[in-house]
């Protein structure tokens, strides 16, 4: 390709929503637009909104994780019995199922009031949970919390995408993901402290003052324009995909039921579990078919989101990324507490290398993508590192030195965090900004569904492998011991105290069972990393846009601007 042709390509690319550089290997490299182009200044109003969004995202992530360490105390306090698991599952269920609804509401009624409403619902659910006097009341409160968290998760990212051009989103998304990951990592630690030092009720009450602060900031400063909507409420409601939402809720509920009770209350081969899996999987397929069919007039996930290979590849890579992210948080503590015989508190310290690099690398990854103006190289390098680090996790055993497991965690945490802020950038790189809400809603939905599987699938793999080995290990052939470890109970009993309660010969045999079962988890995780690597290879090498291709949903300077009065044009309104 000649230099003049390259200049023509870059000139024409600036008029489109994206650029793809098609350069022969022996030709000169086309550079992205100059990095020293003047940047848009960010006023104090922008930072007030960004801080409130960051706190909201932190609280949502915190509530998804804080219950983990407090769950036994909460279950005993409200006599939850075997229903304790739904205190966790119902939060993830509702937060995943209604996320597409919020993206549609944001397009119909703007960003401001749906965001404020979602945060208010989250605060209401937190108050109900904190004051719960029964298991049903607590589960109901967690349901309401999940409904609010769904809106927070979607709208925070939609608003950031509205206020920033694609080139700048990476660094701000990196900062946002720092708060999200911090909430997820700090949740278990904070939950344990609140239960020990105060009361389990403060696991939920702690949200209320921060929600109040965020609501005040958003009410005062989140004032963005939007196209004027003269439709009646009835006409606007017709644009919401209620049928798709119903199909989605039913499908996710069915899958969650199967993943919750398979291998515990029922055998995996039980008709109820098989039927739940079939209904859930078929239901999700039906949902996506319905979204692209003529029957769905206003789809929550329009087919234009999946009309290019970069967006599709990034959606699939996002799913694989989430499938990998949770395995260390749930199974490295098992390795440390059983195989290395650490106390629970010490095991928490031992996974700090992963937690810290996971947080920091996301922030750095977002800045790198914003500076380069490209994301594919970062994605390829990150997933390649994931393959290497997860593959070497299979070598961990009782003889592994501290240097080994620290270095492996540092590499894995770095590889997981780096692509996080730019996966949404990749999804939006080849579609117009007018689809920000729909693409962000779909992105959040994929992450939420992946989160459900990211915990359940490794747990099922671990439990099944443990049961297989348990049945063929002579040293642990005692029926009473086997009954206490099979059908998912091995994970519950993963502690130094449990291991030390047996003679040395049996201790060694049980540790071997855990070692081999953990290796199976890492092998499955390796498959996810490999699939993610293949998906990011399919992404186009796009240069991210430096300007927004729409002026809708920009932050207004005057918080008191009324609809059509002082807005940027006659179509702009108060959101």
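First residue shown is number 1, and so on along the chain.
Note: Cβ is positioned from N, Cα and C throughout, glycine not excepted.
Feature annotation (TrEMBL): of 3-21, 22-40, 402-420, the stretch labelled transmembrane segment is 402-420.
Within the chain, the transmembrane segment (377-396) has long-range Cβ neighbours (under 8 A, six or more residues past its boundaries) at 317, 324, 335, 339, 365, 368-369, 404-405, 408, 411-412, 414-416, 418-419, 422-423, 426, 515, 518-519, 522-523, 525-526, 529-530, 532-533, 536-537, 539. Summarised as a single figure, the pLDDT of the domain 'Major facilitator superfamily (MFS) profile' (49-544) averages 87. Cβ atoms under 8 Å from those of the transmembrane segment (311-331) belong to residues 184-185, 305, 351, 354, 358, 379, 383, 386, 390, 409, 412-413, 416, 419-420, 423-424, 426-431, 439, 442-443, 446-447, 449-451, 453-455, 457-459, 462, 518, 521-522, 525, 528-529, 531-532, 535-539 of the same chain, restricted to positions at least 6 beyond its ends. Contact check: the transmembrane segment (115-138) against the transmembrane segment (441-462) gives fewer than three Cβ pairs closer than 8 Å, residues 6 or more apart, which falls short of the contact criterion.
Taking Cβ pairs closer than 8 Å, the transmembrane segment (521-538) reaches residues 309-310, 312-314, 316-317, 320-321, 323-324, 327, 331, 376, 379-380, 383-384, 386-387, 390-391, 393-394, 396, 419, 457-458, 461-462, 465 in its own chain, all 6 or more past its ends.
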